[in-house]
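Annotated in Swiss-Prot:
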BINDING   His40, His70, His119, Thr151, Ser209, Ser210, Asn211, Ser251  (2E)-4-hydroxy-3-methylbut-2-enyl diphosphate binding site
BINDING   His40, His70, His119, Ser209, Ser210, Asn211, Ser251  isopentenyl diphosphate binding site
BINDING   His40, His70, His119, Ser209, Ser210, Asn211, Ser251  dimethylallyl diphosphate binding site
ACT_SITE  Glu121  active site, proton donor
Amino acid sequence: MKIIVAKNVGFCFGVERAIRTVENLLNEGKRVVTDGEIVHNRQVMEDLLKKGLKISSDPTDGDVFVVRAHGIPEEKLEKLRKIYPEVVDLTCPIVFQLFRTAREYSSRGKLIVFGKRDHPEMVALMGYAPAIVTKKPFKTEEKNVVFLSQTTSSLDEYREFVSEMIKMNNFEKAIYLNTICPVTVEREREVKELSKICDLSVVVGGKHSSNTGKLFRLASRNSRAIWVESPDEIPEDVVKYGTVCVFSGTSTPVSLIENVVRKLEEMEGKYYGTNGIQR
């Protein structure tokens, strides 16, 4: 069994920055709180909670409130700044650019955002500008529209959505903006290419991570694919595959990918190298 690891694995810069900042604050002895997962990865969150991070909405539980990488509505951010002695905004810069773009273009047409309505990033966006958030094409009486996307969406799926919307409706003016994170687009491209030579694709990441789910769907088009959060989830029959490729979401630590590779090696796999992890 040949093991190949994608070049682009591990944290993206936004996730890396968020985790490093929280760890530094905790190391300074500060009581750090947030209102949800900093990033969508169970192991990462368990580690931060063990180090002292608290998930709470009670101001008495902490001195520093950290805003998650997905962002929060602007009005909520202002309220938090009045409650806590210190608020550290860890919104990913690319996500924040989406919020700014939504506000800037809201006067030019109805905002239609390709994304999951209940995703934290989309909840935050609607605090910056009113928008329709959906993944399903629909008929509308709107004549002027602006298309945006959740930053972790599949570029191909976003384009298909916009194409269907234009076919279904009679827009007088439709503005299409690519607001998908370039880091996730590059991983998407690599998965589409590398999975073609794989018998099995192992996608490593949190089960409620949008960008990891996207990679899993893409890998499934070209090979058998499994989505795991830990090495323990790798099935015993993996040994029947000749070439196994390993991919990861942007909130997956390199240490977890190394553990997955180690488990595959224990199952008679031979590591054929890549540029993504240290061996």
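Glycine is treated like the rest: Cβ placed from N, Cα and C.
Feature annotations (Swiss-Prot) mapped to structure.
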residue: His40; record: (2E)-4-hydroxy-3-methylbut-2-enyl diphosphate binding site; DSSP (3 states): coil
residue: His70; record: (2E)-4-hydroxy-3-methylbut-2-enyl diphosphate binding site; DSSP (3 states): coil
residue: His119; record: (2E)-4-hydroxy-3-methylbut-2-enyl diphosphate binding site; DSSP (3 states): coil
residue: Thr151; record: (2E)-4-hydroxy-3-methylbut-2-enyl diphosphate binding site; DSSP (3 states): coil
residue: Ser209; record: (2E)-4-hydroxy-3-methylbut-2-enyl diphosphate binding site; DSSP (3 states): coil
residue: Ser251; record: (2E)-4-hydroxy-3-methylbut-2-enyl diphosphate binding site; DSSP (3 states): coil
Alpha-carbon distance [Ser251 ((2E)-4-hydroxy-3-methylbut-2-enyl diphosphate binding site); the residue listed as 'active site, proton donor'] in Å: 15
Cβ within 8 angstroms of the Cβ centroid of His40, His70, His119, Ser209, Ser210, Asn211, Ser251: which residues besides those meet this for the isopentenyl diphosphate site? Val39, Glu121, Thr152, Gly206, His208, Thr212, Gly249, Thr250
Site with most surrounding Cβ atoms, counting all protein chains shown within 10 Å, from the binding-site residues His40, His119: His40
Are there any residues in the same chain, six or more apart in sequence, whose C-beta is under 8 angstroms from the C-beta of Asn211 ((2E)-4-hydroxy-3-methylbut-2-enyl diphosphate binding site), and if so which? Thr152, Cys181, Thr184, Arg187, Gly205, Gly249, Thr250, Ser251
So which of the binding-site residues is most packed in, judged by how many other Cβ atoms lie within 10 Å of its Cβ, out of Thr151, Ser251? Ser251
Around His70 ((2E)-4-hydroxy-3-methylbut-2-enyl diphosphate binding site), how many other C-beta atoms are within 10 angstroms of its C-beta? 27
